[in-house]
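Swiss-Prot has this to say about the protein:
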| type | residues | note |
| --- | --- | --- |
| DOMAIN | 223-432 | domain 'Cytochrome c' |
| BINDING | 236, 239, 240 | heme c binding site |
């Protein structure tokens, strides 16, 4: 039995307060017709919002009970990961102990493992007027779980805009369709696949289709950017292009491979079962922004998730670089602080500051000097030191010139002879 810090009375009182907040909002507040009345958003009408409000208020006690339950379950999952993936001698803090980062599975592995271990009816009201509390967190943490990798898989949270340009999702390219990408994002939060909201999953898939990135908010030298565009087309665009489904492996780019290897056979089957269980209505359909009927719950196999479980098929996607100015730090594990350091590999620091909000417009990234940590830590509790010597933190890769499609492509812009070209390329990347 596990102690939960909640009671049916607290849950009911919280549900009533949230319902009052919902009722206080005018019609159209949650689903503005200007956005959700378009074909790509299921032709939502004000009546849809009325129904959604009623459904949420009805289910609030159960949702809050599950959330309260999940606090203890997540704690058990985190403790399990701390002694497995993050238990090595040079292991980083959980999720990198850093802002904007997470475990390589997005915490999905341990959440699905917890869901499997949950006794039926856990955290639901019982005849005695309390909540069922039978989950054994100690036994769960002490059990063997081959699904969890024995190494840290630190991951920067990727951008999600302009999904229509991306054939593959997740850093390892294991998920294709936007609908399933959203399932993957929801499951670590919801935990129980049967509670996934399919309608909202379709809405979000369409919302992200064509959603533009924020424009670079500082001045740009447009003459320099025009010159940089030509350099980008000659050296970068061959990989960083829409609908590129190539998986680039270690021998190609030399990047830390921990995140690419997050899926083993056991984890893949856990994911596949969780995804399929999430699509609990085989007849569910939604319309894409082009009006096409989509029935995701009738899909199976690699249309849902790809088994990237062996080194031969593991690697990383080369994403479209839209809004790249806002994605710092760079690479899948956030190991490169600025675009300048990405393009001048010899300059990459072994340690740098994460979590600062002061922006470096020359190098395109955030202020990174660890020496200033003590000066600002009291007012910026999110500041941490990123150490490339930690497991999964290597800042290697994208650091040597490559021949692609029979032509040499420059990735390393070190040296005074490339100083002007480097400035032009960085200036252009600000406009993406």
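Including glycine, each Cβ sits where the backbone N, Cα and C put it.
On the structure: features taken from Swiss-Prot.
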| residue | record | Cβ within 10 Å |
| --- | --- | --- |
| 236 | heme c binding site | 19 |
| 239 | heme c binding site | 21 |
| 240 | heme c binding site | 17 |
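Residues 236, 239, 240 make up the record's heme c site, and a Cβ search at 8 Å around their centroid adds 232, 235, 237, 238, 241, 318, 321 from the same chain.
Mean pLDDT of the predicted structure over the domain 'Cytochrome c' (223-432): 91.
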